[in-house]
Amino acid sequence: GADGLGILSADQTTCCPARCGKCGGAHCAIRFHGSADSCCQMNIAAKAMPCGIPPCTRFSSLPGSVVLALEVQEALKAPPKCQYEEDQCGARWKTGADEYNPVQQTPYTTCCQGVVFGQSACKALPIQSDNTWGTACFPFNDKNCLNGNLECEKEIYAFTPFGSTRNQVCCKVATHDCVQDPDSKHYGSICVARVQCAKGQDACGRSKKAGSILQTADNTCCPCNTKCYTIDTDGGGYKTKCLDCAVPCGRDYVNKPGIDTQCCLPRQTCIPSFHGAAEPDTTHCAYDFPCSKDLCKNGGKCRVKQFPYAGQFDRCDCAPGFKGVFCDKAVAATAA
């Protein structure tokens, strides 16, 4: 700090750039763009950069819990007084038992505008290696994302108002899709150009894993003698393939022509979907038969669906070493 390039934290353990005004403490994440990584002791300590050019840690072996305790103590000296609970921001969070219950690590340090159109101005900062993330106030929708365009390219660390990062781009819906980022570990999205196919050809290749929020992008065009169909996968996901389908489904009525989006698996049939007291007007693929003896192979247990398709075969719970709808496929042995 003596050379004027940086300033020391109150405990003399961390050096921040001079533009921070103060090293660590309340509101460290919102002093300027990127200040969370330059001015917050916890973030600097997580990177364990020995001192030279700030931001850096003078004692790289300083336990993260000590830095966290110091930030908490400093933040408690100046708690924010927000008009509404939803306005609170600036706290640090850590992933919890599931995505709905993150654990608060530090107190709130600032107030945002609140919730507008279901969105919070308090957004997550990039997650650290210890699975913690800070929060800061950001503006709402960029004006370029109006006119039907979509905000895209964010990550979700928790399903809470403050658990997702700010969207980075506006996706032009006329030519692009906001889809799952295959390289993200946190439900990330990415804006990609839509596959352009010749007239009469379907774009295909998109998929969605069970538990995912978005589907992946299409990556191919179907030959003219095939169509792109959705096929259900284990656990509630789906994939798409170019097929000359034997049992197409998904149209409005079973006995009327229409646009089919699904291709039924072997032994499945296309049946009307349930719509309460109203007449069925959509269709879906289903195993339209009950459980029976030896339907599930190799010791698998047969399960049936509940209302509104009560008694209809649902799945087989396979014994260890087997897989497939009817447990008729052996799991490949892995090399020791």
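Cβ atoms here come from the backbone N, Cα and C positions, even for glycine.
Candidates considered were CYS302, CYS327. The record in TrEMBL pairs CYS318 in a disulfide bond with CYS327. Predicted-model confidence for the domain 'EGF-like' (287-328) is 91, expressed as mean pLDDT. Summarised by DSSP class, the composition of the domain 'EGF-like' (287-328) is 0 helix, 11 strand, 31 coil.
All protein chains included, CYS327 (disulfide bond) registers 22 other Cβ atoms within 10 Å of its own Cβ.
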